[in-house]
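What TrEMBL says about this one:
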- 29-52: transmembrane segment (TRANSMEM)
- 45-294: domain 'G-protein coupled receptors family 1 profile' (DOMAIN)
- 64-83: transmembrane segment (TRANSMEM)
- 103-124: transmembrane segment (TRANSMEM)
- 144-166: transmembrane segment (TRANSMEM)
- 201-225: transmembrane segment (TRANSMEM)
- 245-265: transmembrane segment (TRANSMEM)
- 277-296: transmembrane segment (TRANSMEM)
Amino acid sequence: MKTFSSTINSSTITGFILLGFPYPREGQILLFVLFFIVYLLILMGNASIICAVCCDQRLHTPMYLLLANFSFLEIWYVTSTVPNMLANFLSETKVISFSGCFLQFYFFFSFGSTECFFLALMAFDRYLAICRPLHYPALMTRHLCNILVISCWVLGFLWFPVPIIIISQMSFCGSRIIDHFLCDPGPLLALACSRAPLMEFFWTIIMSLLLVLPFLFIMASYILVLRTVFRLPSRDGQKKAFSTCGSHVTVVSLFYGSVMIMYMSPTSEHAAGMQKLVTLFYSVGTPLLNPIIYSLRNKDMKNALQKILRT
């Protein structure tokens, strides 16, 4: 593939080349079909949860309203990358414009940060429901739930604009090739004309805060939940509590496990192939698995989905 050795900056650059998965033409078409099917399954799975919550009055509770919002978020999260990836599979040039690259960068990380805050909010909801059951209806009102949901969206979309704008103003040298299927800060900073240690440090700090603070909040919530559950005299009560929290714990483990491997492990400078696989897992794999996890482990959700299928 041809490379470009001239210095380019934000005023003259026409675009980047997203290398994606460099397979022969037949392999690219096969990947297109595979990811197109996966994308449709993600849309249908998460949309079915939204429909189930909207159509079944019994699911109009904070827990399920948060789940519906989370599914709505997952649809947009995967849409920020997969349609462009599909287009790239069929493209000869694999070029993404400068503005398109940084818009994808912004929306992908904004939806991702919103997901971190939503997972923390859902853990807080479970804490109130299990540890403060008598006060739960008075504490987690519809009004408070709406405020918390809006706060997650606003905070998520305000977390990254400053570093992304700074990176977009940097000058880029040499090849325009990004060895990834999306515009990620690591490959982008590697194309900069000169190293930007201050920017790299700033990015590490905001990523660490984004991941560590919600994760510690989730862990603290579930430590308190476990303490309460083990004090329950009834085995049935314990089983119901574990069933209620099990789906969320599974989703948190899948999402945070892969994201922390990518951004917080000692070997954060992973090989390009490893970066793609891990990013693929948390950006496409988890949105695909989430509807399955929540529907299989939740009797009310299964009943609501069966009701929709019968109509």
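Glycine residues also receive a Cβ, built from the backbone N, Cα and C atoms like all the rest.
Spatially, the transmembrane segment (29-52) is not adjacent to the transmembrane segment (144-166); fewer than three Cβ-Cβ distances between them are under 8 Å for residues at least 6 apart in sequence. Spatially, the transmembrane segment (201-225) is not adjacent to the transmembrane segment (64-83); fewer than three Cβ-Cβ distances between them are under 8 Å for residues at least 6 apart in sequence. In this chain, the transmembrane segment (103-124) touches the transmembrane segment (144-166); three or more CB pairs sit within less than 8 A of each other, excluding pairs fewer than 6 residues apart. Remote same-chain residues near the transmembrane segment (277-296) are listed as 35, 38, 41-42, 45-46, 48-49, 67, 70-71, 74-75, 77-78, 81-82, 108, 112, 180-182, 184, 247, 250-251, 254-255, 258-259, 261-262, 270, 302, 305 (criterion: CB distance under 8 Å, separation of at least six residues from the stretch ends).
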